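Since the structure comes first, as C-alpha cells, the remarks are kept for the end.
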Amino acid sequence: MSLRKVKIAGTGSYIPQRVLTNADLERMVATSDEWISSRTGIKERRIADENEAASDLAYHAARRALKNAQVKPEDLDMIIVATITPDMIFPATACILQEKLGARKVAAFDLEAACSGFLYGLTVGSQFIATGMYDTILVVASETLSKIVDWQDRNTCVIFADGAGAAVIGPSSDSGRIISSYLGADGGGADLVKVPAGGSRLPASFQTVQNRQHYMKMKGNELFKTAVRAMIHAIHASLEEGNLKSSDVDYFIPHQANMRIIDAVVKKVGLSQDKVHINLEQCGNMSAASVAVGLDEAVRGKKIKKGDKVLLTCFGGGVTWASIVIEW
Ligand code: COA
C-alpha cells in the first residue's frame, strides 16, 4: 500500500488573559524574579480563570486552526486532544470539544504523553491520513497546569502555565509534509514528575487532599539532565530518519521547559540560536501546549516559509520524548 503525504493545513492557539508575573509570585512563595529569570528564563505566564477548563482553551485554539485551514467543524474525521489536565478523568476532553465545536459524531479521544503530547498526537493522527482512512484530523494540545500545581510549592509553581495550540492535518498534494517522526518513552523515570493522587493507585480522599498529593510533584534537577539527553537523542533520530543534518534545519521549536535546557540542546546539536523559537519568557511551561502554541506563533509571525525544514522536539513526564521534522 502506498502511503499518502501528510501536511499541517492550519494552526491556531489561545492563551488565557490573566498574566502572572515573577513579581506576583514573589508575594506568594519564597522566590525572586532574579531566581526564576536566571534559573528558567521565565518572566511571566498566563493563568486560566477559575471557570476556564482545558476544553475551553482547546475550543478557542481549535476554532482558529479550523479557520486558518479553511475547514468546517463538520468536515472533521477525528479529534485528538493531548492533555494532562483534562476537564474530568472521563469523559475525554476531546468529546467535550467535539460537542462545543459542533463537529460530526466522529472519532474523538484524549492522548496523554505529558509535554510530548502534541507531537505524539500529530504522529498518531498522521497515520490515519497516510493510510487514507481519514482526510481531516484536528490535533489539539490544551493544558491548565495552574489547576494541578501546588501554589505553595516554589519548585513547581514558578514554572508551569496554561495555554492551548491546535493543528489541522490532512493529505498533501504539494511538497509540504511531515518528513519524519520519532517517539520515545522510559517508564523508569515515571517518578520524576507526577500527580500522585486522584487515579486508581491512590484515589482522591480527604487524606490525599490534606497531604497535597493531588498536586504535581517534580524532581526538577534529575528531570533537567534527562530532558537534555532525551531531546538530543530524539533530534538526531528524527533527522536521521529524514536523511537530514542539523544544518538543514531552518527553524527549531523546542519544548519550553527551561531556557537552560534549550540552550544546552541547541549548542550540542549545533543549531543556530537565531533559528530557535522561544515563548517561555511570556508563557512559561505549558506542557503539551508549548510547542503547539510555538508553532502557531511561528506561522503567524512568518518565521516559517514554504519549503522550510521545521524541527519540533519535546520532552515530558512519563518520561516521554518526541521529535518531528516538517517540510513546510
Ligand atoms: N525560588 C527560589 N529558590 C528555589 C526555587 C524558587 N522558585 N525553586 C527551588 N529553589 C531552590 C531549591 O530549594 C534549592 O535550594 P537548596 O539548595 O537550599 O536546597 C535551590 O533552589 C536549587 O534547586 P535545584 O532544584 O537544584 O535548582 P535547579 O537549578 O535544578 O533549577 C528547575 C530548578 C526546576 C528550574 C530545573 O531543575 C528545571 O527546569 N528542571 C526541569 C524541569 C522540567 O523540565 N519539568 C517538566 C518536564 S516538561
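Placement of Cβ uses the backbone N, Cα and C atoms for every residue, glycine included.
Unlike curated entries, TrEMBL annotations are predicted automatically.
What you are looking at is a predicted structure, and each value in this text was computed from that prediction instead of being measured.
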Of the ranges 16-20, 101-105, 146-150, 256-260, which one does TrEMBL list as region 'ACP-binding'?
256-260
About how far apart, in whole Å, are the alpha carbons (Cα) of Asn285 (active site) and His255 (active site)?
8
So what's the average pLDDT for the domain 'Beta-ketoacyl-[acyl-carrier-protein] synthase III N-terminal' (109-187)?
97
Rounded Cα separation (Å) that holds between His255 (active site) and Cys115 (active site):
7
May I ask which residues of the same chain, at least 6 positions away in sequence, place their Cβ under 8 angstroms from the Cβ of Cys115 (active site)?
His255, Ala257, Asn285, Ser287, Ala288, Ser290, Cys314, Phe315, Gly316, Gly317, Thr320
